[in-house]
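Read through the structure below, which is laid out as structure tokens, and then see the notes.
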Amino acid sequence: MAEGETESPGPKKCGPYISSVTSQSVNLMIRGVVLFFIGVFLALVLNLLQIQRNVTLFPPDVIASIFSSAWWVPPCCGTASAVIGLLYPCIDRHLGEPHKFKREWSSVMRCVAVFVGINHASAKVDFDNNIQLSLTLAALSIGLWWTFDRSRSGFGLGVGIAFLATLVTQLLVYNGVYQYTSPDFLYVRSWLPCIFFAGGITMGNIGRQLAMYECKVIAEKSHQE
């Protein structure tokens with residue numbers, strides 16, 4: 001037989017590097033989609049909590065006009081959640097400081113519960129003034145970071161997210177893109193940065209946990225190959 005016939009024309013297998021890159025791209029898309037829907041869900045849940053205070057971001061006549069309604073707020077929150085959740089583990093890898101504090105799903109679920117509780121407190125508890133509300137929510141938000149994160153990168157990103165998100169929100173309100181239903185605008189501004197900070201920490205923890213699961217899957221596949 002000829003030498004060319006000794007080689008079986010079986011299916012070619014991709015090398016471990018190509019397989020790893022493909023897996024990372026697919027897992028990145030999956031993580032982004034999961035984070036997006038989590039952000040949309042939390043936006044709707046937190047909006048229902050704020051309705052109790054009549055401070056919802058959604059005007060009551062949603063179907064009246066596309067421009068006067070805030071139907072796009074949940075998708076925007078979902079997109080921001082996806083970006084934040086993907087950014088946290090990326091920053092950890094870039095800084096060479098992998099986040100190893102309380103890396104289990106039970107801790108992540110408790111973090112989400114505390115975040116929802118902080119929002120519920122801002123909507124349910126009556127404070128004497130806006131300064132007291134701001135200080136209380138700031139303490140709760142920092143406590144959330146200390147309990148479930150404790151990383152310098154997480155704190156820095158949380159502060160940056162709170163600043164940028166609050167700035168964008170106020171610009172949209174001042175330009176009339178949407179409006180708060182509460183007449184007390186100072187009340188809204190007193191809790192908004194703290195909620196954004198806590199939300200950034202929460203989505204960062206979810207993103208880190210999803211990224212850790214991805215690393216386990218890729219490690220198992222490379223070990224099998």
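The backbone N, Cα and C atoms fix where each Cβ goes, and this holds for glycine too.
Sequence annotations record features per position, and here Swiss-Prot assigns topological domain 'Cytoplasmic' to 1-28 (among others). Averaged over the topological domain 'Cytoplasmic' (1-28), the predicted model reaches a pLDDT of 53.
According to Swiss-Prot, the feature transmembrane segment maps to 29-51 (among others), an assignment based on similarity to another entry. Sequence-distant neighbours of the transmembrane segment (29-51) (same chain, 6+ residues past either end, Cβ-Cβ under 8 Å): 57-58, 73-75, 77-82, 84-86, 112, 115-116, 119-120, 122-124, 195, 199, 203, 206-207, 210-211, 214.
For 52-70 (among others), the entry in Swiss-Prot reads topological domain 'Lumenal'.
The transmembrane segment feature in Swiss-Prot is assigned to 71-88 (among others); the stated evidence is similarity to another entry. Taking Cβ pairs closer than 8 Å, the transmembrane segment (71-88) reaches residues 28, 31-33, 35-40, 42-44, 47, 57-58, 62, 99, 153-154, 157, 161, 165, 178, 199-200, 203-208, 210 in its own chain, all 6 or more past its ends.
Look at Swiss-Prot and you will find 89-103 (among others) tagged as topological domain 'Cytoplasmic'.
Summarising the annotation, Swiss-Prot assigns transmembrane segment to 104-126 (among others) and lists similarity to another entry as the type of evidence.
Sequence annotations record features per position, and here Swiss-Prot assigns site 'Required for the recognition of 25-hydroxycholesterol' to PHE115. Cβ neighbours within 10 Å of PHE115 (site 'Required for the recognition of 25-hydroxycholesterol'), excluding its own Cβ and spanning all shown chains: 24.
Annotated transmembrane segment per Swiss-Prot: 130-148 (among others), in sequence order, evidence recorded as similarity to another entry. For the transmembrane segment (130-148), same-chain residues at least 6 beyond its ends with a Cβ under 8 Å from one of its own Cβ atoms are 101-102, 107-108, 110-111, 114-115, 118, 121-122, 154-155, 158, 186-187, 189-191, 194-195, 197-198, 201-202, 205.
Swiss-Prot lists 149-153 (among others) with the feature topological domain 'Cytoplasmic'.
Under DSSP, SER151 (phosphoserine) is assigned to coil, being neither helix nor strand in the three-state scheme. The phosphoserine annotation in Swiss-Prot covers SER151.
What Swiss-Prot records for 154-175 (among others) is transmembrane segment.
Summarising the annotation, Swiss-Prot assigns topological domain 'Lumenal' to 176-189 (among others) and lists a curator's inference as the type of evidence.
Residues or ranges marked as transmembrane segment in Swiss-Prot: 190-207 (among others). Proximity of distant same-chain residues to the transmembrane segment (190-207), defined by a Cβ-Cβ separation under 8 Å and at least 6 residues beyond the stretch ends, is recorded for 31, 35, 38-39, 42, 46, 81, 84-89, 107-108, 111-112, 114-115, 118-119, 122, 130-131, 133-134, 137-138, 140-141, 144-145, 148-149, 154, 157-159, 161-163, 165-166, 169.
Feature annotation from Swiss-Prot assigns topological domain 'Cytoplasmic' to 208-225 (among others); the stated evidence is a curator's inference.
Annotated cysteine sulfenic acid (-SOH) per Swiss-Prot: CYS215, in sequence order, evidence recorded as similarity to another entry.
Residues annotated as ubiquitin cross-link in Swiss-Prot: CYS215.
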Original post:
With every protein chain in view, how many other Cβ atoms are within 10 Å of the Cβ of SER151 (phosphoserine)?
Top reply: 22
